[in-house]
Amino acid sequence: MRLALVQFNPTVGDVTGNAARILKAVNRAQTAGADLVVFPELSLVGYPPRDLLYRQELLGAVERVLEEQIAPASRRIAVLLGAPVREADRLYNAALFFHRGVLVGRQDKTLLPSYDVFDETRYFKPAARRQPVVFQGETLGLTVCEDVWNDKDYWNRRLYEVDPVEDLVAGGTTILINISASPYHYGKRCLRADLLAHTARKYGRPIVYVNQVGGNDELIFDGSSLVVNERGEIVWEGRAFAEDLGVVDTRAFPRGKEPAAIQEDISWVGMPSRYSSPGSLRDAEALAHNLGIAWRVIPIEEIFTAYLNTLNPKGEPRIDVAEENVQARIRGNILMFISNREGYLVLSTGNKSELAVGYCTLYGDMSGGLSVLADVPKMMVYELARYINREREIIPAAVLTKAPSAELRAGQRDEDSLPPYRILDPILKGYIEENLSSEEIAARGFDLALVRDVIRRVDRAEFKRRQAAPGLKVTTKAFGMGRRLPVAWRPGW
């Protein structure tokens, strides 16, 4: 049997548009000689659809598309895809198997995660049973994302009592298929591959895993789909962070063709003030040149001077945090003007370390529609930069060697206001990602008073983070939908 695995980047809510792209992929899979084409979890509506699932118009569109487009397409090639299915007042997250123009198999998701960034029990009901589908002499055990993440021999503490994989294997499954919309975080690909390899070896069954790709709100989906044989060996892997269509044979597992890279349209703006060092401007321009990105310079000195004169009418202005932040807000206004005029999306610049302790300016460097580094700690930013430079110098070396500075006053350095990042980042990880107390963090070799001060800063900065642009999740615990704390509160313990 030849399987086409479609690593798909759906648009949330665009049932019609997603269906059109699904049908194109079905045609490609048929041309490639596949017998079955497999798409990710909820591929018709995109993941996560959130409260769009309460829209009856959306659910009605799903039903029409399944009946009028997907089912007819399966006359030529079998189709497995994810979609919400409603029954009376219940909604299910289903894997739907179409063949010869009709729905021949349906497996609802059994394990519904409601932790971290997940909230599926808000919308869906769990599957009542697990039933394999027979196709071309194979018995296919269909699972949806979380359903493969509950093996009792892999985890010290399971989140659920039932194991859908165990039930499906007991029911005669010969090939396990998992359709997923599994968000990325650092280390996730290795964890996923290890879990699937363990499961394949344990049951002696190959596993076909197809994952969503792209970014929706705060979540990144890395693709990295996998086919693992019964010995736990990876025999096919989809591209990371890119759409892909691969055709694998259940006997030989050849590699599919990779699509071409996608070009990006980026504009870079330098906005120097009296405190911007010549070196910083040179480094920024050099980086833009190395990346082939459009570069322009809009000095803010005249605007900044006008602000100082207007806001300090009675005398010589003093440079304190208010005057420092005005510079950041001037830059934010300029970028939003360019966004409105030219149609660019503004990317805010703060990293996880800065956002954690509030070392950022509301309506200034926090302005934007997406915060790319919001879940990347400062020390990891340096690691990524060195990785990017591993073959040639793309990021100027001076960027990695000079002391970090916002350059909002003369001689300013981040360490004037913060602990060194090599100390700050492990404290933040203990508090934010591991949920440790100040005493537990201090036991790792940190000064207790310093730890408490860092935690106080993190708690006080919640009001800023609540107003931040959505940040891309890359660690096990990101700010935003995965860490929901009140703004107005006080510890009483």
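Placed from the backbone N, Cα and C atoms, the Cβ positions cover glycine too.
What TrEMBL lists as domain 'CN hydrolase' is 1-254.
GLU41 (active site, proton acceptor) carries neither a helix nor a strand DSSP state and counts as coil. Neighbour list (GLU41 (active site, proton acceptor), Cβ cut-off 8 Å, at least 6 residues apart, same chain): TYR47, GLY82, ASN93, ALA95, LYS109, VAL144, CYS145, ILE179, SER180, ALA181, GLN212. Here TrEMBL flags GLU41 (among others) as active site, proton acceptor.
Feature annotation from TrEMBL assigns active site, proton acceptor to GLU41 (among others).
Over all protein chains present, the Cβ of LYS109 (active site, for glutaminase activity) has 26 other Cβ atoms lying within 10 Å. The active site, for glutaminase activity annotation in TrEMBL covers LYS109.
Cβ neighbours of SER182 (L-glutamine binding site) (same chain, under 8 Å, six or more residues apart in sequence): CYS145, LYS188, ARG192, ASN211, GLN212, PHE221. TrEMBL lists TYR115, SER182, LYS188 with the feature L-glutamine binding site.
Mapped onto three states, the DSSP output places CYS145 (active site, nucleophile) in helix. Positions annotated as active site, nucleophile by TrEMBL: CYS145.
Note: GLU354 (deamido-NAD(+) binding site) has non-local neighbours CYS360, LYS378, i.e. same-chain residues 6+ apart with C-beta under 8 A of its own C-beta. What TrEMBL records for ASN325, GLU354, LYS464 is deamido-NAD(+) binding site.
What TrEMBL lists as ATP binding site is THR349. Taken residue by residue with DSSP, THR349 (ATP binding site) is part of neither helix nor strand, so it is coil.
Residues ASN325, GLU354, LYS464 make up the record's deamido-NAD(+) site, and a Cβ search at 8 Å around their centroid adds ALA328, GLY350, LEU355, GLY358, TYR359, CYS360, THR361, LEU362, GLY364, ASP365, MET366, ALA461 from the same chain. The full span of the recorded deamido-NAD(+) binding residues, ASN325, GLU354, LYS464, taken as their largest Cα to Cα distance, is 15 Å.
Every protein chain considered, the tally of other Cβ atoms within 10 Å of the Cβ of CYS145 (active site, nucleophile) stands at 28. Nearest in space to TYR115 (L-glutamine binding site), taking C-alpha to C-alpha distance over the binding-site residues ASN325, THR349, LYS464, is LYS464. Every protein chain considered, the tally of other Cβ atoms within 10 Å of the Cβ of LYS188 (L-glutamine binding site) stands at 18. Using a 10 Å Cβ-Cβ cutoff, TYR115 (L-glutamine binding site) registers 9 neighbours.
Site extent for L-glutamine: among the recorded binding residues TYR115, SER182, LYS188, the largest C-alpha separation is 16 Å.
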